[in-house]
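What follows is a set of notes on a single structure, which appears directly below.
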């Protein structure tokens with residue numbers, strides 16, 4: 001590396017260290033805290049931008065409610081395929097998250113050189129695509145990302161209603177969806193990912209408890225009488241389960257927003273991989289144990305809670321997952337809030353209360369869609385095949401190849417290929433091409449066919465606006481015995 005080149009890169013890193021320090025957050029949210037007795041404690045809980053905050057955000061956001069549907073996926077795939085595909089998609093997801101982080105650094109570096117200020121402005125994925133590849137890519141990125149996040153929040157509401165029903169079945173799942181829709185609307189008051197420090201930490205603790213509860217409870221319960229593990233049996237079921245796992249490790253649609261909340265986003269590069277390795281310790285044991293215990297029964301029970309006996313441990317897991325789904329709703333909805341603010345010209349408004357008010361219309365269509373399509377499990381696969389496949393696998397891989405297609409772009413790249421690919425651009429292109437072809441054919445093609453076939457089957461069986469999807473039938477009240485003569 002020439003001295004001139006080295007000095008340019010060092011200047012860029014120095015610029016990042018200075019400008020990404022959360023100046024805007026201090027002005028908006030920390031004003032007057034020095035005079036408050038609990039200002040330091042509030043700052044500790046509220047203002048996160050470290051590497052650890054980003055790791056907690058990635059790990060917490062990745063598992064969420066899909067933890068409860070992975071045993072269902074194993075019943076469609078079989079044990080061996082379920083384990084292999086989790087590891088495969090976990091690695092592929094970590095790679096494309098790395099690509100997104102590289103493209104963010106490239107975009108931010110170019111804008112810094114042009115003296116563009118992002119004070120009070122959160123950079124988003126579609127803006128990165130616009131800056132690097134032009135308006136057509138911006139439109140594609142915006143469409144896929146927003147649609148995915150929209151249905152991601154819908155899934156959280158469905159999961160809330162599905163889970164609470166196992167504690168209190170006096171209300172049907174549709175009514176619980178109304179209630180939790182109102183509760184989740186309060187996320188409009190959380191300004192940005194910078195303010196999810198305590199929530200991310202707690203959220204990961206909640207999913208960790210739930211995962212190990214599922215594992216221990218299934219092993220303690222033992223195998224049900226006559227248990228069968230017949231999967232895989234049908235191509236439709238196999239590819240439906242595969243796309244649900246693709247969805248599991250495609251939770252990095254909010255990577256850019258998490259990076260922008262960091263004080264030093266250039267340190268993000270391998271955070272998602274480390275988060276994924278931790279997530280494996282939650283998803284693999286729990287899915288394998290529950291499938292071992294219940295086998296084919298899971299084909300008609302997409303929520304793992306539904307097969308485990310009622311206990312205080314299960315109730316604790318349900319409650320913790322409800323809280324976590326509220327957090328994940330905020331994770332998925334916050335980028336939508338940002339987009340809406342930018343559309344109506346309110347994104348740089350300093351009043352948090354005013355921004356909360358203008359965000360409320362975003363929640364209404366989410367609420368409505370959760371009531372129309374309450375299909376817990378099948379909707380994960382459909383979203384994975386049709387939206388996640390492009391949003392977090394195909395588009396980042398293509399965008400990276402096109403951004404660095406010229407020798408000058410590769411020479412001036414802010415981030416060179418990592419050591420794991422021997423610093424080779426050729427190997428990076430080969431990996432990216434493989435991901436595009438694989439996900440396009442297997443994820444979008446076969447997965448889209450299978451998941452939509454399964455989704456349509458659920459609509460035909462239960463209908464739209466289903467009042468209580470997969471609820472156990474309640475026995476009619478026993479008639480009173482006839483009085484003796």
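Note that Cβ sites are derived from N, Cα and C of the backbone, with glycine treated the same way.
Note that TrEMBL annotation is computational and uncurated.
Cross-referencing 382-404, 451-473 with TrEMBL places the feature transmembrane segment at 382-404. Looking at 52-74, 236-258, the range tied to transmembrane segment in TrEMBL is 236-258.
Residues 64-65, 68, 124-126, 173-174, 176-177, 180-181, 184, 253-254, 303, 305, 318, 321-322, 325-326, 328-329, 332-333, 335-336, 339, 365-367, 369-370, 373-376, 379-380, 383, 387-388, 390-392, 395, 469 of the same chain lie 6 or more positions beyond the ends of the transmembrane segment (142-164) yet place their CB under 8 Å from a CB of it. The stretch from 270-294, 316-340, 352-376, 425-449 that makes the most Cβ contacts under 8 Å with the transmembrane segment (176-194) is 352-376. 316-340 is the stretch from 83-105, 201-224, 236-258, 316-340, 382-404 with the greatest number of Cβ pairs below 8 Å to the transmembrane segment (352-376). Remote same-chain partners of the transmembrane segment (382-404), defined as residues 6 or more beyond its termini with a Cβ less than 8 Å from a stretch Cβ, comprise 92-93, 96-97, 99-100, 102-103, 106, 129, 132-133, 137, 140-141, 144-145, 147-148, 151-152, 155, 243-248, 250-253, 410, 413, 425, 428-429, 432-433, 435-436, 439-440, 443-444, 447-448, 450-452, 454-455.
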